[in-house]
Structures are given as structure tokens and as C-alpha cells.
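Heads up: the structure comes next, in C-alpha cells.
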Amino acid sequence: MDPVPPERRTWGRGAFVAYWVSDLVTISTWSTGSAIVTLGLSATDAVLITLVAGICNAVPTVFNGAIGADLHVPFPIASRASHGYWFSYFAVVSRGILAMFWFGVHTGYGGTCVSAMLTAIWPSFKTLPNHLPASAGLSTAGMISYFLYWLIQAPMLLIPTHKLQYLFWVKTVLMPPVAIGMTIWVALKAGGNGAFFNQQPKVHGSERVWLWLSSMTSVTGGYSTLAVNISDFSRFSKDRHAHYWQIPTIPLLKTLTALMGIISASAAQQIWGTPYWTPIQIIDKWQGTPGGRAAAFFCAAIWLLSQVSVNVSANAVSFANDVTTIAPKWFNVRRGTILVSIVGSWALCPWIIVSSGKTFLNFMSAYAIFMAPMAGILFADYWLVKHRKYDVPALYDPRGIYRYGKYGSNWRAVAAIFITIIPLLPALANKVNPNIRLQQGLKNLFTINWLYGFFLSIFLYYTLNLFFPDKPSLIPKVITGFEYVHGVEVDAETSSSDGKGEDSVKGKAEAKSAEVPGA
């Protein structure tokens, strides 16, 4: 959890582009656009929604990523400046829960890729007798595929974060040609005609407007955690400007991938009478001939790489940083990834959640309402309140300037978060239990929960700091931690579990606290 030393700042502009190819050219993004069309909106609506959602993802991601790019500290440490030393753990735990849950869900998606590969090799695998009860939520063939994917994914979790860009580059080279090639093939087979693109919206007026906003919020919320924890990756930047390339990259890749999904679903409707949402469903239609099975195997293998890549970057590393911060004497990043692999993949039984836990899925999707105000507070604190002037050693000092009083909580952040979230809680309860009656106004507010949460939290946090400033934390210049930390190098990825990774900064921070105004 120490600031990244210069020799490990290996991420340039291309690495950030490759990172987002890893995160966005995926099965879930592919199916986003066609899913929107099935709600009653037009294909044009779906493309525009995805583009706007991409912009909504890109802007806070880049602004909050500046914290890591400037100071080279991860999100769990950076959040202490805005939330307070101890209240930051609320943000860390909230983000960690989401990362662990979605790790398991994406592992389940990866298992479908293995199923397609095994069917391509042994067609009889598709009809393998099932020996598991219906309550298991998974067939015998599905469990075999899930376990094999878990084994394939496991060694990838051990790649140090500063070297992950090489995995992303492999996917960047292999994945786009496969996705584009599949789209062209299915479009040509359909004769260039697509039912989705000729389909007019089925809803009109205010109903269409709210459905449009609801879809945009849903698509934006899918990547809401990265607007919060992007510093986990931007801290490896070679320079302060490399991460700015995310601004065009995120909306462009998100829109193009969703567009390929719309085209493919539309063509599938023409060919097979069913709008297949995922590329794996299309691959399954190739299993009838030896040549088709060969194509199915290799394409499914590339999509499998896609799932591994996004699971490592978006979920495993994020959870590992969180648990390392919470229990530094027991965990480092490597041990954290092993923990999420076991708990997220097996203890949570994600195949049961996906197959029968619609209520829980709705709750976890709505749980992202906590991410928007956290992202807003990070932005407001770094750019508007403290003007990019943080004391890095003090971030590691539980008695330093970011303690914000007796309880280690910045009451301004606490107030901004809960004032923002409380009006959304009735709708969150409605997601869990649809029988709970809800006023239309609260439903409409929840429809725009990402935009509402992000901008209201910025306004509240900035206003509270304007009228009730915390003067000790408003320092005149940036104080970095490198002169204190890297006399003896500490490897945050593989250091022993004696807690020295963070203590190496903390001890120096306490020794130097007298030099910091107000400490």
C-alpha cells in the first residue's frame, strides 16, 4: 500500500487504452445494447445511451484517477483524505463487497466459455448426464466448466499489478479482431438486414424519457466502482497525464462493443428467429460441423481470456487492495486475490445467485448507489477543496491531519453521503421486495441515482467545506512520501504479512508529523 516507486510506474498511455479494452470488450458490454432494445427503446436510443453512459463513466474516472497519477497511492489510502482515517474503511468495505460479489458472477460467465470450448472438442459434452439436484443451480457439465475456468483463472491472479498491462496487451491484440469478425460474419449471413434497426420505440412521451434515463443509469452503474477505485491502477502511471487517454477510450470502446452486440442480436433474429444477446450463444450455433467447432473453440477461448482479464482488473485487484488495507498484518495484494478467488467463487455460490437469486441480484445492482456519492466526494475533496494538495505521509498516520477529530471521521463526508443516500433507500428496499409501495417521485429519483448521487454529493461536500473548513488539512503544498519510504524498497505485492508495507510510511509519517501544518 506504499506509494509506487519510480521503477514500478510502468503504465503509459497505451497501457490505459489496453486496460479499458480488457474491461469493456466483454460479454456483459456486448449484451448491453441489445438488452436495452428489448425494453422497448430503439437501436439508436441504445447506442446513444451507451455513449452517454460511457462519458459519465469517463469523466469521474479520469478526475479521480489523478489522485493516483499524482501521488501514486491506491484508493484505500487516498480516500482517507476526504473520508477521514477510520471512516474511509466504510468506503473500502463497500467497494470490497461489490468486488467480491462480481468476481464470482464473472467467474460464472467464464464457465460458459469453457462449456463452448469443451463442446467443440467433445460434442457429447453438451448432453452429459446431470447428477446434481435442481437445488444446486448448476448441471454436472456446468460445474465441470466452472471448475476448469476457476483453475485457468487462478494463476492469472498472481500477476503483480504493475505487470498486468502485458495481459491487457495480449487481449487488446486478440479480442477486437474476434469480436469484429463475429459481427461481420453474422451480419453477412443475415443479408445485411437487421430487425432491431428497423424497429421503432415501443414507448413514447414521458415513459420513454424515464426508461431512457433508467437504462443510462443502469449502464453507467455497471462501472461505478472504477470511478471510485481507479487510483489502484493510475498510481502506476509513468506520468501525470497518461491516464487522460481514458476520456476518449471509455465511451468509444463502450459504444462500439455495445453496437456490435446490437448488430449481432439483430442479425441473429433474422437468421435463427431469436435475438441472441451474448457471443457465446452465437458460437453455440457453430457446433454442427468440424470447421464450425474449430472456430467455436478458438473464439470461445478468446472470450474466456476476455473474462479472465476483466475479472483480474476490475474485481480481484480491487478486493485485494481493500483487504490489504483492512488487515495489513495478514494480507498483501497476492493473498487478497487468492482470498477473493476462494470466497467469491465458492463460498458465495454465484451460480445459484445467477440462476435463482433475482432479488439478490437486484439488491447488488442497486447497492451501487453508494459508489456515486463516494466518487463525488473524492472528486470534490481533491479538486475543489484541497486543490490537489495532499500530505502523503499523513494519509498513513492515524493521528495525523486526516483524522478529523476524535473518531477519525470527516463529518462533512459522512453528512454528504448519508444525505444523498437516504432518499434512495425506499427504492433500494423496493428492489429487494417489489411489494413495498413506493411513490412515483422516489421511483423517478432512483431512475437517475448515479447522476443524482454524484453531483449532489459534490455540492453538499463542497458547501460544507466552504462554510466549515478543516484548516489543518488545507496545506499550502503537496508533501509526497517518497523521501520517507523508499530508502529500503518494499514490495506491496509480495511483502510478508508483518504489516510493514503500510507501517513503512506510517512510522515516517508520525516522525515527520511536526513538519506538517496543523498535524
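Placed from the backbone N, Cα and C atoms, the Cβ positions cover glycine too.
What TrEMBL records for this protein:
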type: TRANSMEM; residues: 16-41; note: transmembrane segment
type: TRANSMEM; residues: 47-73; note: transmembrane segment
type: TRANSMEM; residues: 85-105; note: transmembrane segment
type: TRANSMEM; residues: 132-152; note: transmembrane segment
type: TRANSMEM; residues: 164-188; note: transmembrane segment
type: TRANSMEM; residues: 208-230; note: transmembrane segment
type: TRANSMEM; residues: 251-272; note: transmembrane segment
type: TRANSMEM; residues: 292-314; note: transmembrane segment
type: TRANSMEM; residues: 335-354; note: transmembrane segment
type: TRANSMEM; residues: 366-385; note: transmembrane segment
type: TRANSMEM; residues: 411-429; note: transmembrane segment
type: TRANSMEM; residues: 449-468; note: transmembrane segment
type: REGION; residues: 492-519; note: region 'Disordered'
type: COMPBIAS; residues: 499-513; note: compositional bias 'Basic and acidic residues'
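Sequence-distant residue pairs (6 or more apart) of the transmembrane segment (47-73) and the transmembrane segment (132-152) include fewer than 3 whose Cβ atoms are under 8 Å, leaving the two stretches without contact. The transmembrane segment (16-41) makes contact with the transmembrane segment (251-272), as judged by at least three Cβ pairs under 8 Å among residues 6 or more apart in sequence. By the Cβ criterion (under 8 Å, sequence separation of 6 or more), the transmembrane segment (85-105) is in contact with the transmembrane segment (366-385), since 3+ such pairs are found.
When the stretches 132-152, 164-188, 449-468 are ranked by Cβ pairs under 8 Å to the transmembrane segment (335-354), first place goes to 132-152. Here the listed stretches are 132-152, 164-188, 366-385, 449-468, and the one with the most C-beta pairs under 8 angstroms to the transmembrane segment (292-314) is 164-188.
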